[in-house]
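Below is one structure, written out as structure tokens; the observations come after it.
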Amino acid sequence: MSLEHEKDPGWQYLKRSREQQLADQSRPYDSKKNVWIPDAEEGYIEGVIKGPGPKADTVIVTAGGKDVTLKKDIVQEVNPPKFEKTEDMSNLTFLNDASVLWNLRSRYAAMLIYTYSGLFCVVINPYKRLPIYTDSVARMFMGKRRTEMPPHLFAVSDQAYRYMLQDHENQSMLITGESGAGKTENTKKVICYFATVGASQKAALKEGEKEVTLEDQIVQTNPVLEAFGNAKTVRNNNSSRFGKFIRIHFNKHGTLASCDIEHYLLEKSRVIRQAPGERCYHIFYQIYSDFKPQLRDELLLNHPISNYWFVAQAELLIDGIDDTEEFQLTDEAFDVLKFSPTEKMDCYRLMSAHMHMGNMKFKQRPREEQAEPDGQDEAERACNMYGIDVDQFLKALVSPRVKVGTEWVSKGQNVDQVHWAIGAMAKGLYARVFHWLVKKCNLTLDQKGIDRDYFIGVLDIAGFEIFDFNSFEQLWINFVNEKLQQFFNHHMFVLEQEEYAREGIQWTFIDFGLDLQACIELIEKPLGIISMLDEECIVPKATDMTLAQKLTDQHLGKHPNFEKPKPPKGKQGEAHFAMRHYAGTVRYNVLNWLEKNKDPLNDTVVSVMKASKKNDLLVEIWQDYTTQEEAAAAAKAGGGRKGGKSGSFMTVSMMYRESLNKLMTMLHKTHPHFIRCIIPNEKKQSGMIDAALVLNQLTCNGVLEGIRICRKGFPNRTQHPDFVQRYAILAAKEAKSSDDMKTCAGAILQALINQKQLNDEQFRIGHTKVFFKAGVVAHIEDLRDDKLNQIITGFQSAIRWYTATADAGARRKQLNSYIILQRNIRSWCVLRTWDWFLLFGKLRPQLKCGKMAEEMIKMAEEQKVLEAEAKKAESARKSQEEAYAKLSAERSKLLEALELTQGGSAAIEEKLTRLNSARQEVEKSLNDANDRLSEHEEKNADLEKQRRKAQQEVENLKKSIEAVDGNLAKSLEEKAAKENQIHSLQDEMNSQDETIGKINKEKKLLEENNRQLVDDLQAEEAKQAQANRLRGKLEQTLDEMEEAVEREKRIRAETEKSKRKVEGELKGAQETIDELSAIKLETDASLKKKEADIHALGVRIEDEQALANRLTRQSKENAQRIIEIEDELEHERQSRSKADRARAELQRELDELNERLDEQNKQLEIQQDNNKKKDSEIIKFRRDLDEKNMANEDQMAMIRRKNNDQISALTNTLDALQKSKAKIEKEKGVLQKELDDINAQVDQETKSRVEQERLAKQYEIQVAELQQKVDEQSRQIGEYTSTKGRLSNDNSDLARQVEELEIHLATINRAKTAFSSQLVEAKKAAEDELHERQEFHAACKNLEHELDQCHELLEEQINGKDDIQRQLSRINSEISQWKARYEGEGLVGSEELEELKRKQMNRVMDLQEALSAAQNKVISLEKAKGKLLAETEDARSDVDRHLTVIASLEKKQRAFDKIVDDWKRKVDDIQKEIDATTRDSRNTSTEVFKLRSSMDNLSEQIETLRRENKIFSQEIRDINEQITQGGRTYQEVHKSVRRLEQEKDELQHALDEAEAALEAEESKVLRLQIEVQQIRSEIEKRIQEKEEEFENTRKNHQRALESIQASLETEAKSKAELARAKKKLETDINQLEIALDHANKANVDAQKNLKKLFDQVKELQGQVDDEQRRREEIRENYLAAEKRLAIALSESEDLAHRIEASDKHKKQLEIEQAELKSSNTELIGNNAALSAMKRKVENEVQIARNELDEYLNELKASEERARKAAADADRLAEEVRQEQEHAVHVDRQRKSLELNAKELQAKIDDAERAMIQFGAKALAKVEDRVRSLEAELHSEQRRHQESIKGYTKQERRARELQFQVEEDKKAFDRLQENVEKLQQKIRVQKRQIEEAEEVATQNLSKFRQIQLALENAEERAEVAENSLVRMRGQVVRSATNK
């Protein structure tokens, strides 16, 4: 990075310094021992493997000073220090959770908050302000590639912006994360960056404007959306409670055009409810702030804010946020966004009304289920803000209007319902205001007059959520993230596939996007969670629990992602099911899901609000809402059609799913970029990482999922030169085996394979890179470290050997010196006393002076020699300096070229490396030489020493020079090679004149070929036109695009192979083409490419365009052009330093052009050779056209784009070649010099012919240019010919596609026809069903008529029973009571029930009075006429049986009426459903016809485009003809080409729009087809269900008719039996009178037993009733019944003993009665005994009476509970239906019980008659009956327990067993009637007991008065008969009233 960047204060937070990197990478590391181990607090900590563990799969790890034994699969590898704080985690050689966490932790500690992870950019919230978002930082990232700058949000944003401009593709940025992670802040920074970039592009056009700009408006949307959509949460003070997708539109030049916003998943519940520690939306607190004090008065906010319940449930203030300042920003943003003052005020008024509405109070009216307002102050304030009438508003809340049948009535609401309605209205109103705000912002940001060509979308949405309590909102948020993760996986898979395909890697691709498909289908597919939730919302009586049960039954054990939730732990809430997402298993609770999904509103309140006169905004936001009354009125006005809210019932899930589908469709059409925001800790503390929290977010955000995908492929990759440079040490010989880096890389890897260090599966070699599996790079790094250790060890040992050897040599020299010194010293000691030596010492100085001259001469000679050597060294130094200067210049040129091409090639970098090393060596050598020369000059006096030293230095210098010479030789060779290339180019330019002659000869042949090719091209274009016409048909079958993509990829790969093969073959044809034309063409192409780059960069476009214009003018005026070229060349020579970079680039491009020229020349030669075979090839093409009919539309579209790209490339090549022609001519220095020489010679020969000569030269140049143009046109013809061949192949494919897609279209048409026929059949079926319903109605009427007849028969039978009217009236009164009770359970209304209750009470009072009178009279009657009473009892039993039959028939009649009514209602519902289905079918047909008409319009548009294309083709043919004629000039061709390009672009744009429109229409057609299919299947399913129900109904009705017929027959028989019974009564009444006394005595004892039996039966009946009402209490009731039964049994035993005693006394009384006159004394004794027994019996009777009173009280309480249970009738009916499985079995048992009851009644009658003579036997029979009743009670209990057990198994069969329940009820009623008969008998027995008591006390004293008593009894009998007559009349009147 540049020094300027490093000076920025924010740079330290973006990238580490070099020193920090070295420090991080220098830590010790051992890949085999350093590991990560799990830690509870830190997540993972680093440890060192100490050794193997006690088991084979364990190791001992030392971490934190402790040894831990762990399993091997738990520990994770540590990455080498090279990857410490790496900027892209996908480069990690060990991709594991611990390494990812450590990398993020270490970078976050250094405040490097941005980190790449493959396609992700992970950002961690720093919890403090960092200077990394300033304008200076933004300018750093503008125009830079992602790899050039450190990770940053701006880098990703700029990449998206550049991709949009370069690839002409829409972009999207997906910013996700949990609340508080920084999504909103990053979104704002992204928007500001795009606004800055777009504005910078626009500034040049609109400089100096003062008005509000679009950039300002885009930025100002944030305060508005944050005020209404953000709130304080526990984690975040400014949390966005909604998701948004912001699309920023640009034009083709990158200028900001407009912006629009879409929002998702607004948290509506926050406006009425806030959790502790949280706050409502900011706007409520802002309007209450002090920014506009008068605003509070205007909004009637007179109370403290803490008094407003809706906004004051938790926090009121936020630390660090000033609501006054924020409100100022919000209000100013409203102004910037062009909100009018009225709109602002209306919006504030609605917010104030919301606060007032939360304080409205209501109370419950006494004794009514109706709420009423508790004060109207707050309601008046709210209505004042709404602009509506307060009375209407309150009435709409407490009494909304609902539709019942066909009428509208007011429904009373209780307090809870009113409060719930207020909350629902508050949520709905706020959501609509927020939607209006977004809509208004979009209207403001929609700028007119600027093209909206592309957009960049920014998605800010909540990330995955796994809470302790997960509800409806979490399901949808997680579903959205599931879809986004699938989108990312698929996108990453596509990029990996493209990368591997581009590099030629063979790999089996895995679409990881399919991994999440199962979970997504579980949620959104039919019978999925959302589908079943929507279904439950329309099912009557559905609850959240039924939804949970259905989900469990449908998916548990059947779907892998649906699980049973585990029990809650800790703070976890209850869950009903669990689902496995990619981020983990989530436990969901379904409470309130139905209400949240339906989100109902009070239509009456909405109608009141829509009528507001003072608040226009309120009217506007409710304008699109249609209430039920409005829909009914509209339907009535439109012909009786029914409708609901907006014509259909839309649940929240439906709306969410629709918006989500739109979002995913939009994202799939863009190039995505991913930003993942992370919360580091819950404490909001900067610099601290909570490992568990971060790992959970990485999982939820999909970062770890992305790493998992990386592991499956080859995540690590390295460029070939980099790989060779770094790992050449592993195979030095192989690294130098070739100049091709790819070959060297392959050789190195092969050497490692031979060494058994790697295998073939661990890597792949691509065209430019080497790809490695995860962990392989670390292994190779270890091998490199080992190799370096070996080399360094060997090097150190060699140095040690050298130093030791040198030391030994020095020591030997020292030893020799010592020896010499010692020898000389010894010699001196010997000579010092020698006389001759002394003489020598005296003469020696004189001899030395004499020889000084000789020494000086010698030294002078040596000096000369040294000076000569020094001069040589100096000259060598200068030559080295010159070489150094040359190398420096060459280096600067190469560096400039390298900088210009932005990266250069690996070969140039290697050359630069070698040149730099050579330069350094040369510099070092020069410095050494300079030092040595200076030393020679300074130390000239000591030449002897300097000479030795100089010699040594010269030797060293020679060695250095030799090394430098070697390097220079290499550099000179390379330079010579480049110069040779330049010379060859110049030679080629010199050979132009020679080639022109050859071209003239070939011109005619080429022209002939050209004409032939033009004809062929026209034929092919005709085929192309045919293909275009067929394209309109092909565009109707776009649904096969995905399969076509795969085939296209394979074909594309084959095409690329064939293309490379053809390109290799074309290289041999280079020598047959004009070299200058080819160079010109290729140079023009390179210049065109350069112009595109300059256009993208926007820096040098004006200079290049001026240069192009100058060159165009020079082509027209050749002489002036030559002069200008000379001036420009001179200028170029003067500014050579500035043009070196461009020249180097042109030189490189020229080399590339030469290669491409070779290829195209070979292509032309092959094309010319193939022209002779053109006819046969055309035949082959036609045959191929027939063979390739099965291709699809997607392939056609891609081929079309490819053709367009090729045409565009050819056009661009033409322009570029024409422009580069001028530059090439500037390089023709030799020609220009020759031209100068010729002009000079002409001037010297004759000045008069200068002008003529110049003109002649000009003509020659024009001829040459024309010839060049001809050559160029010839080349273009060749290219067009080759293009034509390719187009022929493409057209063949297109034709094959046409035929295939026509077949598919025919299939679709047939399918459509089938669908139409199915619709017709469905309509016919509906009509048939309607006809069947009409028949059913007729049958129902017949049944009703039959029932009326039954009623008449019943009335006749009732009227015919005058003789038994007393019993009949009693039974009818009981029937009326049970009927009232039955109706009170839900079949009649409360008012009718009260009316019936009053009537029944009156009847009961009358009956009680009559009963009292009758009892008083019957007492005396029974004394005298016992016989009559006995016969009456017999007749009563017969009447009871017949009345039971009559009651059964009446109940059957009522049940049948109810069944008929139910089926009528069902038939009406079915008719409604069929009508709705018919309407839907009509609507679908209408939409299909509309789509067909739109498709026809599109076809017409396509036909128009085809005609335009044909015109375009005709123009191309005209241009080709003009080219062959050579008559156009360069400027005309240039203009034509540009015009054609523009037309082509317009045509292509029109075609793209048409294709897009057609795709949209096709998708609509497909959706409609799916909907039609669903509707058809649903209709068939419903028809099948209704047919089954109708069949069951017919069967049940048939059974009912048979039962009624049988009942009628039985009733006729009963009537005959009654007549016979009447006669029998008349004959038997006298006999019964005689046996009265004995019966009374026997009945005294029997009554006791019967009373106990009555108590037991009554207990059983009470238990049955309680079981029906409260199933949960049945066990307790039965336990109580068992206790009472035990008591009854004990009492029964006591009574048995007492009866035995009384039997004895009775026998004695009989004997005494026979001998009454003779044994009076004995009777008195017996009378005393009877008196004692009487007292006992009286006590027992008193006890029984008390018990009877208790039971009567219980009966009254039961009746009270029955009245209260009227509201629970529906639930009881539901519970009854659940008992239907055993209904048949219970019916049989109860029939048998009924039979037993009848038998019991007969036995009782027999016992009554037999008691006269056989009292003891009667008592025994009573005991037997008691035992049988006990057994029946136990059996009934067991059967009821079995019914309870079968309850849970029979819910699903409730509907099927509906009619069986009715039969069960009837049987139960019969049983109840039997119980009532027993009760009546007990009453009679009670009276008989009283009479028996009187007889027992007075039988002796009043024996003589019997005759008088009989007379009195006769009188009372007459009175009783009159009473019976009166009672019979009452019964008749009551029956008539019924």
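Using N, Cα and C of the backbone, Cβ positions are placed for all residues, glycine too.
Annotated by Swiss-Prot as region 'Actin-binding', the relevant range among 89-103, 344-358, 764-778, 794-808 is 764-778. When Cβ-Cβ distances below 8 Å are used as the criterion, the compositional bias 'Basic and acidic residues' (16-27) is approached by residues 6, 81-82, 84-85, 110, 112 of the same chain, each at least six residues removed from its ends. Same-chain neighbours of the region 'Actin-binding' (764-778): 31, 77, 79-80, 93-95, 500, 502-507, 710-711, 714-720, 723, 742, 745-746, 749, 758, counting only residues six or more beyond its ends whose CB sits under 8 Å from a CB of the stretch. Taken as a whole, the domain 'Myosin motor' (84-785) shows an average pLDDT of 86 in this prediction. For Lys128 (N6,N6,N6-trimethyllysine), the same-chain residues that are 6 or more apart in sequence and have a Cβ closer than 8 Å to its Cβ are Ser686. With DSSP classes pooled into helix, strand and coil, the tally for the compositional bias 'Basic and acidic residues' (16-27) is 8 helix, 0 strand, 4 coil.
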